[in-house]
Amino acid sequence: MGSADLTCRLLGLEMKNPIVLASGIIGTSSSLFLRAAQVGVGAVTAKSCSLQPRAGHPNPVALDWGAGVINAIGLTNPGAEEEVHLLAEGRRILEPYGVPLIASIFAGTVEEFGQVAALIAQARPHLLEVNISCPNVADEFGTPFAAVCESAAAVTESVRRAVGKDLPIAVKLAPNVYNIGRIAAAVVEAGADAITAINTMPGMVIDAHARRPVLHNRTGGLSGMAIKPIALRCVAEIAHAVKVPIIGTGGVNTGEDAAEMILAGATAVGVGTAVWYRGVEALGTIAQELGAFMQAEGIRSLDEMRGQAIR
Amino acid sequence: MGSADLTCRLLGLEMKNPIVLASGIIGTSSSLFLRAAQVGVGAVTAKSCSLQPRAGHPNPVALDWGAGVINAIGLTNPGAEEEVHLLAEGRRILEPYGVPLIASIFAGTVEEFGQVAALIAQARPHLLEVNISCPNVADEFGTPFAAVCESAAAVTESVRRAVGKDLPIAVKLAPNVYNIGRIAAAVVEAGADAITAINTMPGMVIDAHARRPVLHNRTGGLSGMAIKPIALRCVAEIAHAVKVPIIGTGGVNTGEDAAEMILAGATAVGVGTAVWYRGVEALGTIAQELGAFMQAEGIRSLDEMRGQAIR
Amino acid sequence: MSTMMQPTYLHRPFTLVSSKMDNYRTRSLTFAEKLDCQPGQYVMAWLPGVGEKPFSIAGDDPLQLMVVDVGPVSHSLHSVAEGQRVWIRGPLGQGYRLVGQRVLLAAGGYGVAPLYYLARKALAAGMSAEVCMGARSAEDVLWAERFQALGVPVRVMTEDGSMGERGLVTKATEAAIAAARPDSLCACGPLGMLEALDRQCEQLGVARQLSWEAHMRCGMGLCGSCELPAPQGEDGSLHRHSCQQPGWLACLDGPVSWKE
Amino acid sequence: MSTMMQPTYLHRPFTLVSSKMDNYRTRSLTFAEKLDCQPGQYVMAWLPGVGEKPFSIAGDDPLQLMVVDVGPVSHSLHSVAEGQRVWIRGPLGQGYRLVGQRVLLAAGGYGVAPLYYLARKALAAGMSAEVCMGARSAEDVLWAERFQALGVPVRVMTEDGSMGERGLVTKATEAAIAAARPDSLCACGPLGMLEALDRQCEQLGVARQLSWEAHMRCGMGLCGSCELPAPQGEDGSLHRHSCQQPGWLACLDGPVSWKE
Ligand SMILES: Cc1cc2nc3c(=O)[nH]c(=O)nc-3n(C[C@H](O)[C@H](O)[C@H](O)COP(=O)(O)OP(=O)(O)OC[C@H]3O[C@@H](n4cnc5c(N)ncnc54)[C@H](O)[C@@H]3O)c2cc1C
Ligand SMILES: Cc1cc2nc3c(=O)[nH]c(=O)nc-3n(C[C@H](O)[C@H](O)[C@H](O)COP(=O)(O)OP(=O)(O)OC[C@H]3O[C@@H](n4cnc5c(N)ncnc54)[C@H](O)[C@@H]3O)c2cc1C
Ligand SMILES: Cc1cc2nc3c(=O)[nH]c(=O)nc-3n(C[C@H](O)[C@H](O)[C@H](O)COP(=O)(O)O)c2cc1C
Ligand SMILES: Cc1cc2nc3c(=O)[nH]c(=O)nc-3n(C[C@H](O)[C@H](O)[C@H](O)COP(=O)(O)O)c2cc1C
Ligand code: FES
Ligand code: FES
């Protein structure tokens, strides 16, 4: 009996399996990219970077609250210029493993998104992920770019103009909206080649004894198990709304979770918080478990499964 | 040492403790109201009702997915006319226990909200909760009323006009928005006396072996533990945005959870899914645990705690 | 590294290894897997694309169910082929308690299923058991031979007298109670039968554990749909089952009720 | 009814019952509660409104920490009064393994804390232990008397010779290894000391377990901030610690590394 085929084609990228290290999880150095590759990940996303370096928030920045993790790391990054070197080095190191490198960027204004994108494009990542969950500093309410079709589209256009046609773009959407399908349609219309969904869900963990929020930043982003059903629903809505590939992300801890994501319509599967639950090895183990699941269920390829639960 | 004072004043309602049975959980008959009162709940909310009777969705309608519950009961209810009798009987039965009765309504159009409210007002509930998480059937996209400031306000005004000044109104908000504080401000501006937050978070549970969503309705609402940090963050945002009392609801399972909700700014605390985790008795146990927690922490009254975590 | 939670209340696929006709409209389904549960608890059986309904547990190791073909879900369960899967959520609800030395069982219809499972557990715990069965006619009597094979005495009542004695199951239980007082009577069957047994036990002062069937949707004590309608007395007035609290939920508090 | 999950990684308030000065800038904090953990693991200690930092576990029953006053969080921990609370998240990370019969401990600064806890566990497991301590000066030597009270031989090295022998801790470990070969060397201290011990053990063929200090933020293997910088060789070129993989995370994979 031949084993299940895990190879995954995401736009131009050839991946040996659909598991993608999600942005912001150990994506801060080329040695960490290497480690992810060595344990068998399909592709690696770097931590999101901005024009200027950012130190991030003071501790506590993250904790396990029982059904998942909450974090407010504060988008710590060395700034775009330094990141270009990190990414170039990362690409070189990942090359022999056949593991594509996805860069991730964010900014506070539409124009700045273009600037950061133009800089990062110099490192020639295989895909550029645009993290639009950050607040729009130019909007009077600080409305996140990911919340409104128009601003999500404006950022996408700005990035597309900055990087030209050669670099594919994935736009990363946030779950705290009522119309993620329409937002996906707007960014695809504006030039996105793929969608990553979802980013963390905004939340707050309070310590009753301390009578205050635990995170220094008070609010943070929820990830892990608790958000898996939110992510699956978002991926399903997006898959109904657009035809582009989706990197389905949120709460994937096991191979079966990854299968659910693909059944909901995802082409590739982002994995982040599972590193806490199962160690860095999770990035390879989940792919193996997915293969074993497909084998046991008589599913030969990812294409056979994709979107099957939402037809 | 005197024990902590759990009495709670919510608008005109005098409650012996802040625990409110959330809408849609065992709020379907006067004997179930009675049972909630007998185990020591502070107030009872009836299941949401609509103009016409609704059978709801076929099974599976609910399940425990590990970090919480997902449900798509489908707003089963006997219709407003029948509900008036149920509520009147419920009020009579709850009277001796000093447990206020909160009615809950929903509709598909702004006008219909007014119609249902006018009917239900006949039963003279102590408070009328307006569940606006349902889709706006008059809007071309079926955008939920709870998603947009304007439609949330329009529903509130319609209900206010229908019931006049005597019946206080709480508007129940949904978590899948990026601006719950602004939505709260809009409904308060339009005449809401209180806010209930949150309703369930839309999600989807997929069975990988069956290769389909488990709920017959495919998507459903997440409740229980997984949504507690979402609810706390929403309550905190609302407490920052408006001055009216909040019935903080979502994932409260223990007295400490209830304390967290009050620390985030809630006046009363809705409890739903805990009935599954801990039985109907949870409605009383949580209040007792809250009292014990306050006692141990030297907190004398709910007022002392309210909003302390977000100052 | 944190440990991951094991969701035990999600549906799990169970593989059917045997599907046997018990009578003209009833099948026993036996699965490859076992379930950790108690007699009197139930499971939700889901056939993706068809529906989900509650079924009493007829055996735990391996899982066994008895299904009467009366509508869409039960009919589809009858046509599941051996080797195919059924999705099981549970165990749910509160089962029978093993109390005292002697248990009297009273079964109607598929009510034999949980009671057979209970009989096996009771015997294993060193208790003695006896069963009374009620049915319309001989062809409706289920699993009498399986109880006999356990060494459990069986009294059969049929409405047409085609098997055992003619009459209702209460006649058999009355005789059984008179012959040897049980520490509790455990019953499962249609509403009318349970109400009659309830009254009988109240009169004779016998503790009883009755498994009530209700319209179950969530199975989790949330939706309120499984609250039993208050029964009507002979004079048409509403009264409560002697063994129930107001707002008793069959899915969460039951299906088995307990009254000393 | 389902069982509820018990979140074990949330902060829990621990009540300080004793805060004792160990030297001019170091305190031992003892709490009322115990913690289920292993020697070499650490906790995150949070003072609401101040901050959260990682601390090695100096004892589990009751929980004990040793805190050097060097900055905002450690300073505030010094001023927590007995009866007040400190919020603890953990235990986190991978600790020391108890292997073989003889363990050699090498401590620098607050590194004595986890090693004292380890020594107690090693003795309880029937192993023998010896400790080498390095410090600038006599006043910096910590807990030597506590090790002695356990019956663990202590070799002290000070940079100024004010106590024990003059020199670095590696001199003591070299002598100890020569005198009696340990099954493993367990160390905790500043980066330079660990690197030197690592080289020494490599040369002498001794298995070692080294606890590395890194800039920890999440403590969960997510943020990447605790990756150790690759050490520079004497020729200025970068090389790896012999005991580490690329991308080794002190918070999740460590703080204790293991090399045969
Ligand atoms: C706690 C509990 C345990 C149960 N255990 C079992 C079990 O072990 N075996 C089993 O076969 N069923 C059992 N049931 C009943 C089962 O859940 C379904 O109601 C039944 O299978 C019918 O479902 P359906 O979708 O096939 O048909 P439906 O469309 O739901 O029902 C079809 C018609 O049959 C009627 N009907 C329902 N049940 C019966 C019945 N038992 N006899 C005659 N008419 C009926 C209905 O009222 C309806 O008119 C149990 C129910 C409960 C609440
Ligand atoms: C796994 C691990 C275990 C640890 N165990 C302990 C422990 O048991 N006891 C303990 O006191 N600390 C321990 N630390 C260090 C501790 O986490 C903090 O870094 C330290 O308390 C300083 O925090 P702060 O907020 O007070 O000051 P910061 O503002 O973080 O530091 C103030 C200044 O002191 C320097 N500094 C930090 N630590 C030290 C030090 N130990 N000696 C001299 N200068 C220092 C910093 O580089 C900075 O310049 C451990 C760290 C790790 C990673
Ligand atoms: C600690 C942490 C840091 C993160 N940083 C980023 C980031 O920099 N950019 C980004 O787009 N997403 C970031 N995310 C979100 C993840 O990429 C992912 O979308 C989310 O965590 C859901 O997936 P998971 O449940 O597998 O973790 C971060 C998540 C975590 C937990
Ligand atoms: C089974 C179920 C049915 C519900 N039905 C309603 C409803 O009819 N109207 C409503 O406003 N909210 C309804 N809700 C939402 C709850 O009132 C509550 O807002 C939500 O479940 C979060 O609280 P919890 O985590 O304590 O359950 C329902 C929730 C559940 C689980
Ligand atoms: S079936 Fe929903 S409460 Fe019992
Ligand atoms: S402290 Fe965040 S990865 Fe180690």
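All residue numbers here begin at 1 and follow the chain in the order shown.
Including glycine, each Cβ sits where the backbone N, Cα and C put it.
TrEMBL lists B:Ser23, B:Lys47, B:Ser48, B:Asn131, B:Ile198, B:Gly224, B:Gly250, B:Gly251, B:Gly272, B:Thr273 as binding FMN, and of B:Lys172, B:Lys243 the one it places in that same site is B:Lys172. Take the Cα of B:Ser48 (FMN binding site) and measure to each of the recorded positions B:Ala72, B:Gly74, B:Asn131, B:Cys134, B:Thr200: the nearest one is B:Asn131. Closest by Cα distance to B:Gly224 (FMN binding site), from the binding-site residues B:Lys47, B:Gly74, B:Thr200, is B:Thr200. Within 10 Å of B:Lys172 (FMN binding site), counting CA to CA, the binding-site residues B:Ala72, B:Gly74, B:Asn131 contribute B:Asn131. Here B:Cys134 (active site, nucleophile) is positioned 10 angstrom away from B:Gly74 (substrate binding site), judged by their C-alpha atoms. The binding residues for FMN are recorded as B:Ser23, B:Lys47, B:Ser48, B:Asn131, B:Lys172, B:Ile198, B:Gly224, B:Gly250, B:Gly251, B:Gly272, B:Thr273; their greatest pairwise CA distance is 19 Å. In sequence order, the recorded positions near chain C, meaning those of B:Ser48, B:Gly74, B:Cys134, B:Thr200, B:Gly224, B:Thr273 whose CB lies under 8 Å from a CB of that chain, are B:Thr273. The record gives B:Lys47, B:Asn71, B:Ala72, B:Ile73, B:Gly74, B:Leu75, B:Asn131, B:Asn199, B:Thr200 for substrate. Within 8 Å of the mean position of their Cβ atoms, the other Cβ atoms in that chain belong to B:Gly24, B:Ser48, B:Gly221.
For B:Lys47 (substrate binding site), the recorded positions whose C-alpha atoms fall inside a 10 Å radius of its own C-alpha are B:Ser23, out of B:Ser23, B:Cys134, B:Gly251, B:Thr273. By the rule that a residue counts when its Cβ sits under 6 Å from some atom of ligand 4, the binding-site residues B:Ala72, B:Lys172, B:Thr200, B:Thr273 yield B:Lys172, B:Thr200, B:Thr273.
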